[in-house]
Amino acid sequence: MSCRYAPDLDSPDKFWDFLVNGRSTVGDMPDKRWEPYASGSPQATAAMRDTVRRGAFLDDIEGFDAEFFGISPREADFLDPQQRFMLELAWEALADAGVPPLTLRNTDTGVYAAANSNDYGRRLLEDIPRTGAYAVNGTTLYGIANRVSYFLDLHGPSMAVDTACAGALTALHLARQSLLTGETPLAIVGGLNIMSTPSLNVALNDAGAMSPDGRSKAFDEDADGYGRGEGAGVLVLKRLSDARRDNDPVHAVIRGSGVFQDGRSDGMMAPDGDAQEHMLRQAYHRAGVDPATVDYVEAHGTGTPTGDREEITALAKVFGAGRSPHAPCLIGSVKPNVGHVEGGSGITGVIKTVLALRNELIPPTLHDRPRTDVDWDAWGVRLVGQVQEWPSCGRPRRAGVSSYGVGGTISHVILEESPVPAATSSADASTGVRTPALFPLSAASEAGLRALAGEAAGWVASRPDTPLPSVGHTLTQRRSHLAQRAAVVADSAEQLVDRLREVAEGRNGPGIVSARTSAGRADDAVWVFSGHGAQWSGMGRRLLASEPVFAATLDALDEVFREELGWTPREAVTEGGPWTAAHVQALTFAVQIGLADVWRSKGLRPGAVIGHSVGEIAAAVVAGSLDRDEAARFACRRAAALQRLDGRGAMVMVGLPFEEAALRLGDRRDVEAAISAGPHSTVLSGDRSAVLRVAEEWQASEVWTRTVDSDIAFHSVHVDEVTGDIESAARLLTPRPPTVPLYTTALSDPRSRAPRDSGYWAANLRKPVRFTEAVRAAAEDGHRLFLEVSSHPVVAHSVSETLLDLGIEDAAVAGTLRRDTDEVESLLENLAELHCHGVAVDWARHHTDGELVGLPAAVWQHRPYWIFPETTADAGLGRGHDPASHSLLGGRMTVSGSPTRQVWQTRLDMDSRPYPQSHGLVGVEVTPAASIINTFAAAVEEDGPSALTDIVLRTPLAVEPPRVVQVVREGRSLSLATRVAEDADADGSEWITHTTAAVTPGVRPAGGRLDTEAIRSRLPEGSLTRADEMFERMGVEGYAFPWDLEELRHDDHEQLAVLQIEPSPAQRATSWAHVIDGALTISAMVVSPGDATVLWMSRSIDQVTWSGEPPARLTVHSTRSLRSPHDTVDVRVADERGDVVCEVVGLRFAAVEHIGAAVLPSELVHEIVWRPWDPEDHEGAEDAPVEQVILVGDPEATVPLAEQLESAGMTCVQVGDSPETGLRPDLFARPGAVVVAPALAGSDTAPEEEAERVSWLLVRTVQRVAEIRADVTGDAPAQRVWCVTSDVRRARDERSVAHGPLWGLARIVAGDHPELWGGAVDIGPSADGIGARLVALLDGAAGTEDVISLTGEGAEVARLSRIDRSADGTPLQCSPSGTVLITGGLGALGLEVARWLVDRGARRLVLVSRRALPNRTEWPAVTDAETRRRIDGVLALEALGVTVRVLALDITDVDQVSAALAPEALGLPPVRGVVHAAGVVNNALVDKVDLEGLREVLAPKVRGAMVLHRLFPPGDLDFFVLFSSCGQFARLSGQASYAAANSFLDTLASHRNAGEHTETVSLGWTAWRGLGMSSNIDTTMFEANSRGLEAVSATEAFGAWSFGDRFQSDYQAILRVVPTPVHTPRLPVFRDLPVSGETDGPTGDQLFTTTLEGLPEQEARERITADVREQVAGVLNFDPSEVEVKRPLVELGVDSVMTVALRVRLQRRYGLELPPTILWAKPTVAALSEHVCDSLRWDGEEHGDLAAPTAAA
């Protein structure tokens, strides 16, 4: 059984609790179903005014799991909710019955569905324009049953039954007959009722059938009609004998049933008690049941006075006769609880009664006072008023259920309690023996699976006494196994609950497997039998006890092994090692054969077979090519022969492809390439000393090696001496053709069908093992599932590597046992892996001693599917608008409760446009402003003479797509709004307000006459063709109203025009639209320059007045307004007599075309270039002669520097490396410079240590000089602080990297202390004449430049320049077979980077963070916002199919990091890419920086980078990206430590690329809006803006990264340059840069679409939507999250200037030509992005990749 009853009773258990607690549910029909009708036409409003709205309504009738049933969203919209309920409830009912639904395929199962209302379907079919093919089946009653038959592929009877309220029991009767006649073996019976519209309420209300309060008061004195109810129930029926045979749960037995018709009674709708009595007597007679043995009758009992009277009379006559008052027949009705479910009510009564039989209790019937016209005692019946026990009375409990329909059909069912005892498991839930078992779950989607796992965990946790075998039996044999699967291995209820909860949380811990089966893969796995190396002491020992088939197989080999080797497999397994290599060879065969038999006993079979070396023997047996006993004898003799080779050889695996390894070895005989173990690994074999020596030599050349545990050199020259013995032993074999595909690893062709004869087995031992080739062949043949049959997985990794190398990512590789791991658990976990990937398992062999239990079968993933047809949504349109009226005033409604509010509604499309001629503006058909103003005029027509004031034309009204239009007047306020007609019923559909205004009654035009002659006399005559030409240039493609320009005179401020109107024949005489249109249109010429190419449109009007009759010929006088002369005009319109009949005051125009700026990726990516230093570039710079240089630093640097300076005539003072003591105030008596000159550290000093030391040296020096200067009173000689660095520019020597931080510090000091700072000078290795050149700089360059480089060519200065694009390369792409490491990976920025890298192909991520995440079991309960954000970020990545490892590491600890990233610890492929994004911000002005704060900031960036540099030296990675900052260039205050750390990264990148490698880049980011370390963006970016920098969005940042990665550069600055404030000079480094947006337009490499190339269309569309949202946010200065994609842009605040800026941005980003009017037709982000998507050209039919943009949109 299954059910849904109001409000949310979604299971029989919940329904039962509801009933026994005597509850009821009644409420109002939901607004969504009521209001479209109640607010419709006046007739509809009147009809519904007194209609009962109350009843029992389900909370959710729109929700449906369409994906589960393979139904598209489009079709689901057209699916009657009753069909949806029937599908879901049929699935649930079958699960309750223990019948896996998918096993019914091709059976004669019948489906019977009772329903008598299809409100939803009727309503959809009324919407003729939108009725499509899906409505054929989706809107019908027959579809309720047929849909289930179609989905489950059932071939028995399938029908809808409509006998009104008797329908459900009629359907049950028909199903029972079909079962008894043998027509069908199983029947699904449903009864349903959904009230999609109030239409039937109106009819029933008019018939007097409904209770005013919506309650059914069955058999109550106050009964006054019935309350309608929604709900559905489904039953599964079987013949009792079949149910017993199949061990199915039997809830109750149907002893009989009957269906009759009352014929011609007092009226078709009138109940007939006599007919009911006759039907009951006939039914019980045919069933052979005495009515006196019936304990309880679930009556129809609707609560109508007449119906209840007739029914109780009939019941009393049949069931009450002869009964004692102490033992009456009990009567009840479920309708007071859940309402009258009409066509489904009979099933509701049956479910209630079955539950009562099962629980031996009868729930109460809700009533206040039983009917007083019934003598209950005398009649032998009693109404159940409270919960009543149901004793058995020595016979089966029996009950009847009655229904009768409004058309006269009467039906009844006789129920009896189940004769089958309640299911009890033979398994003991608490035996104390913890045996692991497998528990599979499945669903149609991942979300559904996780939800189901959570529900199952709760179910088991709440029923701890349920035997686990019964749980397993239910999940394995009583459920269908769907595509999204999980399987859990558990040995206790507690462990099962814990692991199910992990599945619910999306985690795959120990004992948990989850995957989705893939269509098109082979049904069965390829069984792979590995060779030497899987053995371990104790292997198979547990299986001997737990798996009888394993023990039997090993015992069957005893005789052969004892004869040949003197020991048996059982002895070897029981006793354990140590074993010789030869021992292992024979034992490997025995164990593999035993394990293969175990897999077969689990119901598996091989799809193909591969053997590896000795594993080929077992492979041949399993494939049917060899006899088991013959093969066992051969394996023993082979092992005995190999015994002679023990201890003479060795084998080692190396990290090279087979061919490359063989090539390196050349013709050597002492070492050979023996095994092709994987695409990038080979096993070498040969003389022990030679093999070990080769391994050592190759390891020194960075080839990884690993010793193989074997002292026999298999597959090498060593085995030549036993090859003859092997061939001789193999002659006893009788090879046969295999029965399953058998791939060879001994021959060059893996598909060779060569017989497994003696020659083959000699080759098997001597020739190289071509394992990689065999796996590749199997994969090429379509196999995607592989099972390694071994005691430990030794080749599974090689299989995985081979598949990844082929680009196959949907494969799975399972093992069998694992060393030192519980063998039963290991076996089950691997079985879980195979099952979850689609291998067929014979579940009948599992959980054989369990019984069916009530585990949840599905947790539906509901999404709303609902259509409000336009005929319904527009029911209030009334007459609609009259296009000839030139207005959009439609049907009028007065809103209830708001007498001052009036609404007119209509529909606008091309056929109903309120103007006679096409009015195209730049390609868009637009409703003229005149029609909208005329609409308002018509809305206030009843007020008499009026003025429209404060008209705001917010956004133009495009005609296409068709729109629903509403005009609303509330008091004096007017507004006109629309929404797209096809979205009118969609959730989130937004109304767009186009125009607002106010009305002032009693106002007429100022009147008077227009002195046309005086005006003519002062205005020169203009060209009549000028207007047409000008409007054509503007993009006006036609006038909305036909008029001719007869005269035109104008100057720069005034214009006179005479227009002749051509009224259309149907035009209404009261329309002013043609007059206002002519006046507004021609007046635009006053504000438009003569050569204008922009479109000027009306934006607002202060006041419009009119009076009299609209003229056919008008004179329009337009003058620039004195109040706002630039874009505002006052207009007066006169008739032929010269009388002013219309005035337009304060008509403002707006240009819809403007030059805007959009930033392209190419405008954001910059690099450092070096220009010759020219003192003339710094006119006005301080020219203070330097008389003395104070040198601070190490003697190793200051002594030689002093010598060079002194040789140039400079006085030098050396104070050592302690500025606190060395810098004394007396030294500052002469003008001079303080030069910090650290030495290059020795090779024994780490660069990170030295970087910290020299940074602190410079900081202390600046602080000390500032202190001394602050203490000096009066004028003091100028002193500037300089620093000297060694080859930071190129950093060819690693020691130079330590000086890198000084550049960043220098720039920040220049900002914090411009009065103190001189500059930084970098001395290259080829620079000469340093003394004189440095003196010149100290004298003439102080404070002018951040950094000056002295080279052999001269002095050069750093400038930012847009990246050199001459060497275009390939954007960053991650190898799917590698791992990407991200430090700072759990920060907001790190997670964004991770998601972006996934888009670039990354499939395995290691996220390093300082702070650990909680244990996964605690994740659901985490409430801390920051931790929650991190957890959600990881889960989001995993949901994309990415493997994520989160490591809590100190990135500065090389030992900790190297240990964590070791392949064996990480369990992932090698790291191929690194993004170092870790960082700490601790802002402080240079004066306030202390050593502790400096170290804190330097540590993660500097020390962390050096750890990674050493772990991944240049050439080891595909990419190494360092996250730096460009804030240093803007001299941002407080960022001294941060700039120093980032400058170190920049120098490290140069050093890593100094050789032949170019994979490293340091990215100097500007702030990212809303991410990572830019949380202080408001303050930081205020300062940055003033210095020419602006933040970027994440979209812009990633676009820039992707663009810049194509060009080789050690350092790239990602920044947007903006104009600096007036009188603020640009900093030197920015002087060569254009402001962002200064570009000639889009080129191929500038387009945002380049970031989308190769993406599936849907993903590209989603990215475009996000990008358009970003662009809108940019022009609004919003965060993107504040931009609602379906909200009109004008509502968000986008004005005409922003519109143009947005349009230009989009044109440049997408290479499209967008019309200036684009936002009129596409006024939301959703619509705009859809237009952009549709305007791009896509490759492919349905899911093509983005190719290139079209030329125009």
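Even glycines carry a Cβ here, placed using N, Cα and C.
According to Swiss-Prot, the feature active site, for beta-ketoacyl synthase activity maps to C165, H300, H340, an assignment based on sequence analysis. The feature domain 'PKS/mFAS DH' is assigned by Swiss-Prot to 886-1158. Annotated region 'N-terminal hotdog fold' per Swiss-Prot: 886-1006, in sequence order, evidence recorded as sequence analysis. Annotated active site, proton acceptor per Swiss-Prot: H919, in sequence order. According to Swiss-Prot, the feature region 'C-terminal hotdog fold' maps to 1020-1158. Residues or ranges marked as active site, proton donor by Swiss-Prot: D1077. Annotation source Swiss-Prot lists domain 'Carrier' at 1659-1736.
Taking DSSP states H, G and I as helix and E and B as strand, the domain 'Carrier' (1659-1736) has 55 helix, 3 strand, 20 coil. Ranking the active-site residues H300, H340, H919 by other CB atoms within 10 A of the CB puts H919 at the bottom. Each residue contributes its Cα atom, and for C165 (active site, for beta-ketoacyl synthase activity) and H340 (active site, for beta-ketoacyl synthase activity) these two points are 9 Å apart. Counting in whole angstrom, H300 (active site, for beta-ketoacyl synthase activity) lies 9 from H340 (active site, for beta-ketoacyl synthase activity) by their C-alpha atoms. A distance of 60 Å separates the Cα atom of H340 (active site, for beta-ketoacyl synthase activity) from that of the residue listed as 'active site, proton donor'. Broken down with DSSP, the region 'N-terminal hotdog fold' (886-1006) shows 20 helix, 54 strand, 47 coil. The Cβ of D1077 (active site, proton donor) has Y915, P928, A929, A930, S931, Y1039, A1040, F1041, W1043 as same-chain neighbours under 8 Å, each 6 or more residues away in sequence. Taking all protein chains in view, 27 other C-beta atoms sit within 10 angstroms of the C-beta of C165 (active site, for beta-ketoacyl synthase activity). In the three-state DSSP classification, the residue listed as 'active site, proton donor' falls within a helix. Following the DSSP three-state reduction, the secondary structure of H300 (active site, for beta-ketoacyl synthase activity) is coil. Look at H340 (active site, for beta-ketoacyl synthase activity): DSSP puts it in a strand. In the three-state DSSP scheme, C165 (active site, for beta-ketoacyl synthase activity) is classed as strand.
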